[in-house]
Structure formats: C-alpha cells, structure tokens
Amino acid sequence: MKKLSARRRHPLAAVVVLLFALAVTGGLYAAFAPADTAKADDTAQSLAIEEGKKLYSVGCASCHGTGGQGTSDGPSLVGVGAAAVDFQVATGRMPLQQQGAQAPRKKAIYTQAEIDQLAAYIASLGAGPSVPTKNQYSPDGADIAKGGELFRTNCAQCHNFTGKGGALSNGKYAPSLEGVDPKHIYEAMQTGPQNMPSFPDTTMSEKNKKDIIAYLDTVNSDKTKSPGGLELGGLGPVSEGLFAWIFGLGALIAVAIWVAAHTAKAKKS
Amino acid sequence: MSSQDIPEETLPSTQGHAHEGAVATAGDPFADPGLPPHEPRMQDIDERAAKRSERVVAFLFMLSMLATVGFIAAYVTLPVDKNIYVFPIGHISALNFSLGLTLGVALFCIGAGAVHWARTLMSDVEVADDRHPIEAAPEVKAKVLADFKLGAEESGFGRRKLIRNTMFGALALVPLSGVMLLRDLGPLPGTKLRKTAWSEGKMLINQNTLQPLRPEDIAVGSLTFAMPEGMKEEDHDFQQEIAKAALMIVRLQPENIKDKQELDWSVDGIVAFSKICTHVGCPISLYEQQTHHVLCPCHQSTFDLADGGRVIFGPAGHALPQLRIKVNDKGYLEAMGDFAEPVGPAYWERG
Amino acid sequence: MSNNDNRRKAPAGERVADWADGRLGIYSLAKTNMRKIFPDHWSFMLGEVCLYSFVIIILTGVYLTLFFHPSMNEVVYHGSYVPMQGMRMSEAFKSTVDISFDVRGGLLIRQIHHWAALIFVAAMLVHMMRVFFTGAFRKPREVNWLFGFLLLVLGMFTGFTGYSLPDDLLSGTGVRFMEGAILSIPIIGTYISMFLFGGEFPGSDFVPRFFSIHVLLLPGVMLGLLVAHLILVFYHKHTQFPGPGRTNKNVVGMPLLPVYMAKAGGFFFLVFGVIAAIAAIATINPIWAMGPYRPDQVSTGAQPDWYMGFSEGLIRVMPGWEINFAGHTLVLGVFIPLMIFPLVLAAIAVYPFIESWVTGDKREHHLLDRPRNAPTRTAFGVAWLTWYLVLLVGGGNDLWATHFHLSINAITWFVRIAFFVGPVIAFVATRRICMGLQRRDKEKVLHGRESGIIKRLPHGEFVEVHEPLSQQQLHTLTAHEQPLPLELEPEVDENGVARKISATQKLRVKLSKGFYGEGTHIPKATAEEYQEITSGHGHH
C-alpha cells in the first residue's frame with residue numbers, strides 16, 4: 001500500500017486511475033444491467049381448449065380481455081390464429097414484461113405443451129393461420145438463390161442483408177434473425193407480429209417462404225461460412241470502419257510508438 | 001558524421017558535463033542546456049547484449065523466410081473452397097486465413113527485424129542539423145527579378161497588346177473543344193424522369209410469385225411488392241425501368257385512410273405507392289403495419305401511408321406518389337395510368 | 001567486390017555509382033540527403049502509415065485489375081458460391097465474386113485492398129490532426145498542408161468510386177444516393193446525372209466510367225501530389241518538438257542512413273504485415289452476402305465507408321425542405337447538405353491562412369507547439385472534430401438506435417441540435433482545459449513535481465515534498481512563445497493627422513484579441529518568479 005501511495009502522483013497515475021474507473025463502471029453495469037428474469041413454469045399437462053382458457057385467464061386476460069376481445073392495453077386476439085400465439089409466446093415476446101416501443105424476444109415462460117393449449121384456445125375464438133408443420137418450414141430441398149432474392153426484396157430492408165436486424169422509427173426495431181427457429185420465422189411471415197407486415201400465402205407462396213428460410217439457414221446460422229474471417233456483426237461499413245480505426249490504425253500506432261521509442265539505456269538515470 | 005555541419009555548441013561533447021538539475025545558469029533559469037549527453041545502451045557497452053540483439057534480428061529474418069515458405073505451401077496444398085472452423089473467428093476459408101497470416105508474418109518479421117536492428121545496433125547518438133532560411137537572399141531575389149524583367153521586355157509581352165490579347169483569347173477558347181466532346185456522355189434528360197413503365201390497363205404483378213394480384217390476395221397488414229405487367233428480369237432495360245416502376249402495395253381499413261384522394265385511388269383499402277423514396281431514391285419499404293408508417297432504410301424519411309404518403313419525419317421533401325388502381329373485369333388489380341407525378345428524388349424541372 | 005581485378009581500384013558498387021553520377025548527378029543529391037536528420041517521435045510516423053498504405057493499395061489494386069471486369073453486361077452466375085446459383089448479375093459483380101471464391105488468394109488481396117483503403121484515409125485524418133494540433137502547418141509548410149488536404153479529399157473520392165465498382169446491393173444503393181444528390185443541383189442536375197450515367201440510372205455505363213476514374217485519373221493525380229508532398233517534406237526538413245538542444249534553427253534526430261533507412265523501410269513491412277494479418281482475420285465488404293444490385297432492393301444499415309460517413313450524417317439529419325416556384329423545384333433538403341459537405345472540408349484547408357493572417361506572424365516555424373500552448377487553435381481543432389463526430393453519429397443513427405436501444409428519431413434530433421451546439425461547447429471546454437494544463441505546467445516549473453511523499457516537519461506540520469525539475473524539463477516547459485494580440489494603430493498619427501483604419505484591419509485586430517488576448521492563456525513562469533520562489537522557500 002505504501003508503494004502504491006508513493007506513486008499516486010506519478011505522471012501515469014491518472015491513466016491508471018482512469019482505466020480502473022472504466023473497468024469498475026463496466027463491471028457494475030454488467031452486474032446491475034436488467035437481466036432477463038424469466039422463470040419457467042413447470043405445471044401443465046393434459047390438453048385442449050379448457051386448459052388453454054385457464055392459462056389465458058391467468059396470464060393474458062388482463063391485457064387482451066377475458067374473451068380475447070382486446071383492451072386498451074392489448075389488441076384483440078380474435079382471428080389471429082394459432083400460429084400467432086405460437087410465435088409470440090414461444091419466442092417469449094408474450095406475456096409482455098413492460099409496455100415499451102415493442103415486445104423484445106425473451107426466454108419463453110410457458111412450456112411448448114402450454115403454448116399449444118393457449119394456441120388451441122385462441123384458435124377457437126376465430127379462424128386464423130394454424131401452426132405450420134415441419135414439412136412446411138424445413139429448408140430441405142428449397143432454392144437458396146431464389147430465397148436470397150426474395151429475402152432482399154421482402155425482408156432485407158428491415159432485417160439487413162443476412163438478417164442481423166435493423167432500426168425502425170421511434171425506438172422500434174426489426175430484430176436479428178440469428179438463432180430463430182425456422183418455425184417461428186415461418187409464423188412471423190404468416191402472421192405479421194407487432195409492426196411487421198404479414199406475408200400471407202396468397203402473396204408469398206409456401207414455396208417462397210421455404211426458400212427464404214433455406215437462404216437464412218445458409219447465411220445466418222451457427223454453421224454459416226464467413227470465408228473472409230470475422231463477420232464483425234455483418235452490419236456493413238460502420239462496424240468495418242470502427243474495426244479499421246481501433247484495430248487497424250490502433251495496431252499501426254502501437255507499432256509506430258515502438259519504432260520511434262528510445263531504446264532502453266544501460267543504466268536508469 | 002563529418003559531412004554534417006553541426007553547430008559547435010549543440011554537440012553533445014560540449015554539453016557532456018551539464019548534470020541534470022544543475023544549478024541554473026547565471027541569469028536565465030530556463031536557458032537551453034543543450035543536447036543531453038549520450039547515454040550508452042546495453043548493446044553499446046556489452047558485446048554479449050549486442051550479440052543477443054543480433055541473434056534476435058537474424059531470428060526474425062529467418063522467421064520471415066519460413067513464413068514465405070509456408071505461404072507457398074498453403075497456396076499449393078489448400079483447395080480454394082476449403083473451409084475450417086477457427087475459434088473464435090468462425091467458419092472461414094482455410095486458404096484466405098493461412099495465406100493472410102503467413103504473408104503477414106513474413107512481412108512483419110522483415111520490418112520488426114530491421115527496426116530492432118536500427119534500435120539496438122545502429123548508433124543512437126542524436127545529431128543536430130542546421131536549418132537554413134528558405135527565402136532567397138536579397139541579392140538573389142534582385143537578380144531573379146531583373147532577369148524576369150529583361151525576359152518580359154525582350155518578349156514584348158507588355159508592349160504588343162494585340163498579340164497578348166489574341167493569345168489569351170485562343171487559350172481561353174481551346175478548352176471548349178474538350179467540353180464539347182463530353183456532350184455524348186449521355187442523352188438529354190427530356191421527360192425521361194417523368195415517365196415510368198406503368199400505363200392504363202397494366203396489371204400489378206406480384207414480384208414473389210410473378211402472378212397478377214387480386215384484391216382478395218392482399219390482407220390487411222400485409223406488404224406486397226409489384227411490377228407492371230409485361231416487365232421481365234431478362235429485359236435489357238429492366239434495371240432502369242424497375243428503378244422507377246417498383247411498387248409497394250398495402251391494405252388498410254378504408255376508415256383509417258385520412259386522405260380523400262388516397263381513398264379514391266384505392267380499391268377496398270388497397271393502396272399502391274411508389275417504392276422509390278422521394279428523398280434520393282432508395283427503395284423505401286420498412287412498413288410498420290400498426291402505425292401505417294413506412295420508413296426509408298437509407299436516411300430514415302418516414303411517410304404515412306394512411307395519409308396520402310405524407311412525410312412525417314426525415315429529409316424527404318414531398319409525399320410518396322400513389323398509383324391509381326382498379327379491379328379489371330377478370331378480377332385482377334390494374335393501373336389506371338402512370339403515376340400522376342414523377343417518382344423518386346426531386347429535381348429542378350420537376351415542378 | 002571485384003578485388004580479384006587488380007587494374008580497377010574502385011569496387012563495383014562505386015563504379016556503378018560513378019556511372020550514375022556522371023549522368024544523374026547523384027553524389028550532389030546524396031551529399032545533402034544521405035545523412036539527412038529525422039527527429040524521432042511516433043506521431044511523425046503517421047504520414048508514413050498513409051504513404052505505405054497507399055503503396056499497398058496500388059500494389060493490390062493492380063493485381064485486382066487483372067481479374068476484375070468493369071462491365072455491366074448481365075450474366076447468369078454459375079460459379080462456386082451456392083446461394084447465388086442461377087442469379088442474374090452484372091459482369092462486374094460476378095468477377096468480384098469470382099475473385100473472392102475462385103482465384104486463389106484473390107479474397108485476401110481484395111480484403112487487403114479494402115482494409116488498406118479504410119486505414120489509408122483514417123491515417124490521413126490522424127496525420128492531419130497531428131500537423132494541426134502541433135502547428136506544423138505554419139510557414140513554410142502551408143502549401144504542403146494544402147497538398148495533404150487535397151490528398152485527403154481525393155482519397156475519399158477514390159475510395160467512394162472503388163466502393164461502387166463491385167455493383168453489389170450496398171454500393172449500388174450508394175450510387176443511387178449519389179444520383180439523387182446530383183439531381184438536386186438546380187438547373188443542371190438532371191443533365192449531369194444523364195451524362196454521368198449515360199442515360200437513366202443505373203444504365204450500363206457507370207461501372208466502366210468509375211473504373212477509369214478509380215484506377216487511373218484519381219490515383220494518377222494523387223501520385224503526383226504525393227511526390228510533391230514528399231519533396232517538400234525533404235526540402236523543409238522535419239519539424240520537431242521543443243526540448244534541450246532543439247531550436248528553430250536546427251533539427252535533432254538520427255540520420256537517414258542507416259537509422260531511418262532501417263526504421264522507415266522496416267515500417268513499410270510492419271504496416272503491410274499488420275494489414276495482411278487483418279485481412280486474414282476479419283472480412284470486409286462481403287459482397288456475396290449482399291447480392292447483386294437491383295434498384296428495387298435494399299438492406300437496412302446501408303452506409304458508405306466510414307470516411308463518407310459525415311456526409312451521410314449531413315443528409316440524414318437535414319429537414320426535408322423543398323421549394324416549388326414557377327414550375328421548378330429547389331431541393332434544399334438535399335442540396336444544402338451537398339453544399340455543406342465541401343465547406344466542412346474547406347474549413348480545415350484554409351485554417352493555416354486564416355491563422356497567419358490573424359496573428360500577422362510571418363516567421364518560419366520549425367518548433368512544434370504543444371497543443372495546450374496554443375489554446376485557441378486547439379479549441380478550433382477540437383470543435384471541428386466534434387462537428388465531424390456528431391455527423392458520423394448521424395450517419396450511423398440506425399445502428400446507434402439498435403445497439404444502444406434508442407429511438408432513431410431522438411438520435412436524429414440530438415444530431416440536429418449538436419450540429420450547432422456541440423462545436424461551441426467543445427471550443428469553450430477545450431480552451432479551458434488547455435489553460436488548466438498551462439497553469440499546471442507553470443506550477444510544475446515554479447514548485448517542482450509533486451512527489452506524493454508526505455513529510456512531517458519538526459513542529460508537526462505535514463508537507464508534500466516537491467521534486468525540483470531538471471534543467472531540461474524547465475527549458476522544455478518554458479520554451480514556447482506567448483504571442484501578444486495585434487493592437488490597432490492609434491487613430492491619430494504622430495503628426496496629429498487622423499488616419500483611416502480599414503474594417504478588415506479592425507476585424508483582424510478583434511480576431512487577434514480572441515486568439516491571444518486576455519483569458520486565452522496563462523502567462524508562463526518568468527525567471528524572476530522562479531528565482532524568488534527557489535530562494536525563498538528552500539526545498540519544498
């Protein structure tokens with residue numbers, strides 16, 4: 001400690017303190033930043049609408065109304081279909097944690113069995129898109145190139161070239177599609193959750209959707225190839241520019257400092 | 001060093017005895033003490049240290065040679081399409097990674113060796129070199145001015161005004177030929193920017209399925225992109241035409257449409273707007289189905305599709321043009337004419 | 001090494017040199033230059049980073065031209081990248097994909113080329129910042145400052161044309177933006193656009209045209225400027241920081257041969273090595289992920305390369321003003337940013353001339369200023385950088401929004417306000433910080449360095465021991481000049497005759513007061529103050 005205090009006026013002391021303060025602030029932020037507090041419910045079994053209705057009246061009715069007719073806090077669910085329920089609840093967007101610009105993706109609160117019950121109940125309120133079958137959304141045998149073209153025409157404007165997400169107005173955003181289950185991508189296209197427009201089968205065929213899913217599976221999954229090296233978020237020139245400044249020019253300046261520095265003298269004066 | 005003109009007083013030897021923190025020289029305590037005496041490095045006094053440095057430099061040069069051999073080996077052995085997983089970078093091209101790293105090491109080691117050599121083994125005695133004023137001495141200046149005057153007089157440039165003026169005239173005109181030659185870079189604008197491929201009776205073709213659209217295909221809250229009937233990707237002018245004709249179609253509840261003309265030009269709440277932003281021409285299409293706003297991904301101009309495509313935020317200067325549509329007798333959507341105003345960015349003649 | 005040949009005394013190297021000297025006069029050239037002195041400081045090597053990355057760009061660029069087809073003819077892709085099979089694209093795009101996937105090492109060279117370009121422009125900006133903040137642009141180096149400035153601007157446009165060549169969806173969107181910006185020019189906008197694109201956008205001409213601009217016209221001009229820039233650096237001799245033995249009349253450092261030959265030559269390889277390693281590790285502009293350009297497709301996050309980011313910011317935050325009159329449209333929402341863009345750049349170009357006019361200083365300056373000792377200049381520089389950064393934030397507003405969970409509209413409004421307020425705050429704050437640092441320097445000179453060692457005096461008082469500075473440090477901290485502001489000449493001359501003082505003269509004096517007048521500096525320690533304190537207090 002004495003050694004430390006004797007050096008507190010060292011010319012480099014301010015730098016050390018600054019670095020320390022930055023580290024502490026960052027650490028505190030990481031420790032206290034709002035973490036996802038989702039707890040899995042482990043009840044649930046049996047099936048059918050009755051069970052779903054019970055779940056609904058506990059978890060959903062306060063915002064969407066007792067009969068799914070909607071209130072000022074949540075839209076009507078009549079006719080949204082099972083696909084919408086499966087998408088919203090299985091991706092953790094519903095139930096909503098707090099009102100905001102839009103519902104973020106979270107860990108799902110309900111089990112898949114409960115979600116199926118909820119979906120069955122909502123589907124009974126009015127006809128809507130049903131949950132797609134594996135055959136519908138599996139990328140096998142689809143045309144990846146066609147999917148790429150469709151993706152750039154219909155999706156990339158919000159979700160970026162390879163589905164890394166992007167900004168919308170007033171704090172809303174198109175989420176990243178990384179790690180999203182193909183089933184949920186299919187459901188999202190079909191039902192148009194929140195501010196996303198829908199792409200129903202009448203204007204975007206089942207085959208089209210399959211192609212898009214196959215394209216995403218190629219360019220945005222954990223086995224995606226990035227031949228050139230680090231993807232840098234796949235965000236385009238902004239992250240490339242930051243990388244060039246910090247690691248490119250930063251490394252070169254570090255090298256320049258070494259080149260220009262005086263070589264250590266034999267005895268310290 | 002003998003070729004240098006080193007001013008005597010800054011030579012280290014004459015300053016060699018000035019100790020640091022010595023009592024201030026008489027008068028000015030902040031006087032320039034001159035170059036500090038040269039202090040030897042370890043390599044200057046210890047031959048073993050110098051030998052160590054030499055070995056490090058040689059090692060770096062050797063490493064560079066090895067890396068070049070590695071580069072050639074990688075080039076010859078690795079197939080161009082081989083991918084490998086490298087933590088934490090990801091699935092990357094084996095060839096790009098190995099060629100880049102070996103080339104990087106080969107180059108870096110040459111540089112590092114040279115610099116280490118310079119830093120540890122070459123003399124690090126600082127020397128001073130004199131500067132000389134850049135301005136010419138007065139005599140030189142006078143001589144140059146006199147020469148110039150003489151030359152100018154001999155040419156008669158100032159006296160023979162006719163020659164001077166016609167020469168300026170000729171020199172000024174000759175570049176015009178160059179400007180003329182640029183004329184054929186492109187056609188004159190004419191009314192090209194006013195017209196698109198849309199015209200009366202052309203059906204709206206869904207760009208996903210390439211089928212004509214029917215009103216019942218388009219659900220409230222959905223988003224569809226369309227092009228005019230008869231346009232094909234293979235056409236040689238497809239790029240130019242789609243750059244103006246691209247269309248986005250959404251369906252609103254008719255009671256949500258605030259603008260009267262928009263309602264008149266729609267079919268059961270189905271409205272067709274130009275996909276080309278009126279700011280600088282990006283394909284605008286970030287449609288938020290709950291707010292009916294559409295946002296441009298390039299510069300965030302925001303338009304309200306429920307209110308005649310009015311600008312509600314951002315740098316765009318005027319509303320998105322709407323295409324007037326109807327249902328034809330076969331039940332398909334078709335255009336009732338071209339856009340009423342030019343699509344895309346504004347320009348001087350737009351009016 | 002021809003010792004075996006006894007009739008010739010001179011070694012082979014010398015004979016070659018003699019031959020060359022008889023024709024080129026190399027000995028006289030070498031006499032002044034071979035042992036030319038260069039001062040050592042890391043910030044003096046930033047210019048070398050620019051030079052070397054430029055050389056790397058030229059080398060890799062030549063390689064790329066061997067494989068790139070600057071043509072917009074449509075072809076159908078059947079290459080080795082599966083997610084693009086059967087797609088229609090321009091030959092330019094296809095050949096770029098082929099360079100990336102089918103030419104061995106092609107991807108590496110493409111990435112080195114692009115990374116080096118980003119680093120080139122970044123290094124130019126940092127190099128200019130170094131020159132600016134140390135006052136190295138002062139006489140006699142103003143012309144070289146202009147050369148450097150032109151290199152920066154040309155570098156930006158060479159970068160932009162290169163970014164446009166692959167004809168991918170991102171670059172095409174950038175070119176579309178350029179077309180929209182050109183259309184906004186009053187009267188001649190549509191004509192320029194038609195001439196540039198050979199008809200309507202996108203047409204089939206812009207890639208070959210941009211290609212010759214990118215590989216021939218602009219690099220040619222830049223090469224000429226670069227040579228002139230380097231000749232002037234040699235001719236003026238390098239500037240140096242003040243210090244013991246370093247005066248305005250000398251340059252202290254190490255000789256070109258051998259030390260700088262090795263250091264500067266070695267640095268080229270270091271720069272090339274670092275950039276090659278970056279190209280091995282990180283991908284840049286993965287055009288295969290973006291797809292070929294189609295004017296009706298787009299992706300979010302459509303930005304130009306970073307050096308055009310500030311113009312992107314200008315265009316994004318500008319309100320959409322448009323004036324219609326007499327059948328014409330004045331597109332102010334696009335045209336004003338298009339006009340501010342050169343003004344932002346010109347502001348840095350003309351600064352040396354403004355400063356020398358305001359200060360009336362006509363002397364040569366070879367000793368650098370520490371930024372704190374020129375508070376007004378430093379404050380101007382920081383204000384400009386703040387302006388630039390605010391616009392960069394504006395240019396990436398969508399990514400700020402998604403990555404910091406903010407509203408894009410709020411960021412846009414922030415940038416609109418900060419565009420005007422930011423530089424002013426930065427100016428005031430920087431000047432105050434500079435004065436604080438000057439005050440600290442003065443205290444250090446007068447009282448020595450605070451050592452952090454607390455001593456208890458016999459009567460119980462605690463004092464901190466101050467270590468006196470060395471003569472070298474004392475000199476370094478007091479070597480700077482503190483110019484006085486210009487004074488207006490008296491309105492009546494010595495003969496009692498009224499004299500007319502021009503308005504420009506008055507303005508000049510006013511500005512000079514702003515630069516150097518009261519409240520712009522802390523008077524540096526004088527010898528008297530120092531002697532009084534050192535003799536009075538003894539040792540603490």
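Yeah, the Cβs are placed from backbone N, Cα and C, and that goes for glycine too.
What TrEMBL lists as domain 'Cytochrome b/b6 N-terminal region profile' is C:16-242. TrEMBL lists C:44-68, C:112-133, C:145-165, C:177-198, C:210-235, C:264-284, C:330-354, C:374-394, C:406-429 with the feature transmembrane segment.
Of the two recorded stretches, the transmembrane segment (C:330-354) lies close to the transmembrane segment (C:374-394), with three or more CB pairs under 8 Å once pairs fewer than 6 apart in sequence are set aside. Ranked by the number of CB pairs under 8 Å to the transmembrane segment (C:44-68), the listed stretches C:112-133, C:177-198, C:264-284 are led by C:112-133.
Between the transmembrane segment (C:264-284) and the stretches C:112-133, C:145-165, C:210-235, C:374-394, C:406-429, Cβ pairs under 8 Å are most numerous for C:112-133.
Between the transmembrane segment (C:210-235) and the transmembrane segment (C:145-165) there are at least 3 Cβ pairs closer than 8 Å, counting only pairs 6 or more residues apart in sequence, which means the two stretches are in contact. Mean pLDDT of the predicted structure over the domain 'Cytochrome b/b6 N-terminal region profile' (C:16-242): 95.
Residues 129, 132-133, 135, 306, 309-314, 316-317, 344, 347-348, 351, 355, 400, 411-412, 414-415, 418-419, 422-428, 430-431, 434-435, 438, 514-516, 520-521 of the same chain lie 6 or more positions beyond the ends of the transmembrane segment (C:374-394) yet place their CB under 8 Å from a CB of it.
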